């Protein structure tokens, strides 16, 4: 099982370092390559997995991590990607708690540290795979290929293929999975550490620990379960030295009988049985958690090439150093490009100019930064390159809707839902456009289609309520907005619209009840305070109305409409000097505020009359 020192190891142009020195060296190389990504932004998938993921927030119950996918969507939802990585999300949540919010530096630093630790551990992994498994009398791994394993670990640490996993925060899943993968393999190897007097038996405890670490790797990223295959192959080929070709010939062609007693004596069948049972239990648990739908992942090729031939001990040294320098420079360049979404997507555009997803990402980044005109160009190109790219059609349709180019927006969104009929967001956006075009029946059908494909869709209920309000279907509008608040209790717009509609239709008592209920859920929402204050003023509850207006102004002191309506309240209440003060503040903030100028002039005439009538 153990070999003497690998015969080519002394040809490697590296010094022979002590184990600790070697690991520190590899860790420093890993840090050097990726340290410039420590102060990067949240980019690419970070926005969905971290910035918009409520599972990171302290207010979200911790149990949600175990029932939601990597992106914070419930696994039972048909929109879930089924990527179940609760341990990774837990580390994001810990980052959030330690930093006191969404500060990317802490997230990046932990990724860089994890890469350094993984790279250092690769020395032990390579030592076993290249030089064989052996332990000294103290139970430490004997490295029969110290230079080779060091060189391989250095190349691993410096390989630019790791850039996405290290510089992109969502790559934490790959890093944690790799760490537990390594630990599972190394603890499996530990099961055969019996000292110099070792027999052919093994330690059951270490095999069980290896299975638990495999489960941890799988809870960081799904591919972690593949370590069982690595452990099994290592056991068969290197621990038990089974000739697989000869064995397959015997079993398939039945040339000779096969005696399994030797494998039983070595414990191979027991170990394979334990790993098989453990793997099946993990897959079953994963299937139960995931539900009936399979997980959807995007496979990323990860090619790596290593020089196999040994040529002259100076030319080889130059080539190795040159390659290492290229890797370091490439890592620094790529990690710099990962500092922001703009630089990342722009760099991708130069590499893959005909990739529709790249044009889509550039367009989305531009739109998020407010440059919708440029975003339109990239979205159009994405659709041209991939005519069935429904997400690009949806985003382009949204921008055109905001620019009031409603006819083309309707055409794009209609095409998107015809290509993907269960695209709930596109149905809702199509409904908004059709409502703006006064195609009320079509808009209502589009909204209900969106709800049919995504039952818990508060924003769609909100927009459906706006449609009903436009048609004076007041009861239907109130029901739609109530559904929105049931599904999303902090849906401020739905609460506010209910108060305003009830106010406008004269149902002041009901408007007051809804407003107070809304503020119990959203106690610092100044828009709801403003609407409730208007209702209370009409009910002649002047003191309460004044309190809500003033509270709203403390939150948003530059709201011209709030100053104007508070002035109207004081005007009715007879507090004319206060009314004058807030009319003037309102006009200073918004000289064109509707009605405020007329009310202010009316107040000044009244004040002049009072002055003239005073002896």
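Including glycine, each Cβ sits where the backbone N, Cα and C put it.
Here TrEMBL gives transmembrane segment for one range in the set 176-198, 268-290, 337-359: that range is 268-290. In TrEMBL, the annotation transmembrane segment applies to 201-219, one of the ranges 68-86, 87-105, 144-162, 201-219. Cβ atoms under 8 Å from those of the repeat 'TPR' (526-559) belong to residues 492, 495-496, 499-500, 502-503, 508-509, 511-512, 515-516, 518-519, 565-566, 568-570, 572-573, 589 of the same chain, restricted to positions at least 6 beyond its ends. At the 8 Å Cβ cutoff, the transmembrane segment (268-290) and the transmembrane segment (310-329) share fewer than 3 close pairs (sequence separation 6 or more) and do not count as touching. Within its own chain, the transmembrane segment (112-135) is flanked in space by residues 1-3, 5-6, 9, 19, 22-24, 26-31, 34-35, 37-38, 141-146, 148-150, 152-153, 156-157, 162, 165-166, 172, 175-176, 178-179, 182-183, 185-186, 189, 192-193, 195, 238-239, which lie at least six positions past its ends and keep a Cβ under 8 Å from the stretch. In terms of DSSP secondary structure, the repeat 'TPR' (356-389) contains 27 helix, 0 strand, 7 coil.
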